[in-house]
Amino acid sequence: LIYHYRKPKTKRAKRFLEKREPKLTENTKNAMLIKGGNANLTVTEVLKDIYAVKKPFAVLYKKKNITRPFEDQTSLEFFSKKSDCSLFLFGSHNKKRPNNLIIGRMFDYHVLDMIELGIEKFVSLKDVKNSKCPEGTKPMLIFAGDIFDLNEEYRRLKSLLIDFFRGPNVPSVRLAGLEYVLHFTAVDGKIYMRSYKVLLKKSGCKIPRIELEEMGPSLDLVMRRTHLASDDLYKLSLKQPKALKAKKKKNISHDVFGTTYGRIHMQKQDLGKLQTRKMKALKKRPAEKSVEDGGSSPKKTKSA
């Protein structure tokens, strides 16, 4: 099922295809959450909670889909085209890999990279009896642990989690809008995911006192299998169109303090021909004109 080459018959279909055409500034990435053919209650609840966090930029498939992403990726690519989603989260459960999650992303409707995570502990949104953030709240992402910068697999996982939870790009943020925190900690071979609601308390001055209240969901994860794209393909996926690149302005420089300096190129000016304001006091006398022309002023002889 390929939408790109289907000729539209109605205006509505034409608008639908135009939305899926490549753009200079892409839309916010959508995620599809798919339940495997043997998913248990824990995996199902995890998918529902992640869907609640990700809404409205997510699609939850409630029916079970018998597929194995690491062996066959055609079904994921089909669902990606159908729902126009470039991110996915697949949940499954079996004896060899219990409580299994596979998080990944697409590039040109093909799987770019995916990482398999095992759920060791899970606390649902319903189990935490605290107030929740409104739907569609953009989270603040915090990563703790040196391994996120030292290990290539963890570095790619960090990039994948940022891509999955970052939400829409916004030009400005108000202080009251910073009310949701997603915290990821990597230590001793485990990844701890915690979500908090930010509470702004009175502090007696303009700057409020910040408190974090656990909101859920809470996950203890361990990394299992990985399927990472090659360096060349990963570099190609990060390529931006030339129209988005800022053009370099000539003769403009900046110093360490952020001051902008500009260099102006001008032709050589003849100040002698500069037009000044015409005033009687500045008018040249005949004697001055003859001196400028190279002649000498005649001396008057006294008459006897």
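Every residue gets a Cβ built from N, Cα and C, even glycine.
Just so you know, TrEMBL annotations never went through curation; they're auto-generated.
Straight from TrEMBL, the features:
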COMPBIAS  275-284  compositional bias 'Basic residues'
DOMAIN    29-232  domain 'Brix'
REGION    268-304  region 'Disordered'
| DSSP-derived helix, strand and coil totals, residue by residue, for the compositional bias 'Basic residues' (275-284) | 3 helix, 0 strand, 7 coil
| field | Per-region confidence, the domain 'Brix' (29-232) (mean pLDDT, whole number) | value | 89
